[in-house]
Amino acid sequence: MTRSVYAQALSCLLVFLASFAFASAQISSSRYGAAPTTYRIATNDTLRVVVFQESDLEITARVDASGMVNLPLLGQIRIAGHTIPEAEQAIARAYQNERYLRSPQVTISIVDYAPREISIQGQVRAPGRYPLPIEQTMTLVELVTRAGGFTDVARGSAVTVTRVKADGSTEKFVVDVQSLIRGRSRASVEDNSLALQPGDIVYVPERII
């Protein structure tokens, strides 16, 4: 009987220790900026850049307003809009192309995330800025819902998304959000899969009566 109680107590202790270790790992991961591979680096993110066995090149730096980060030897390099793996490859390539390193192994982690916001204006009931979750995506339908839905005079079939690309240029999408909301078959696959990105400006025009 005593042995059975001891075994149960030991089992509970092991479960507790395992849970504690898992929680500690999660905290450590968050602290050192672990980010999903789909996350795109944004301006004002603070990054830690490490080059394997090159301690002189290790740096913690903030991505400036133009999407650039200042790195040892290389100077300014644009990485905003890139995923973590893409940015790691771009930096490694730069060190290689400039012949500073033969086969560099670059690791990037997020030290501090910049505020991530999307703006929606025009014919919605609650226009303004809305936060974009760091490790999640948001669709236009979800954003319009958050903004209280369309007004009675909104032209939901011609919602415009303006986006600043990694190279500083802008691109625009016109999306039939009304069809997406109503589940109409004419809604395109591209419209349905469009995920909003930090800094996107969404405009809902007024319907011409």
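Every residue, even glycine, has its Cβ placed from backbone N, Cα and C.
Per TrEMBL, the features are as follows:
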DOMAIN    35-110  domain 'Polysaccharide export protein N-terminal'
DOMAIN    118-204  domain 'SLBB'
SIGNAL    1-23  signal peptide
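Within the model, the domain 'Polysaccharide export protein N-terminal' (35-110) carries an average pLDDT of 91. Taken through DSSP, the domain 'Polysaccharide export protein N-terminal' (35-110) splits into 17 helix, 25 strand, 34 coil.
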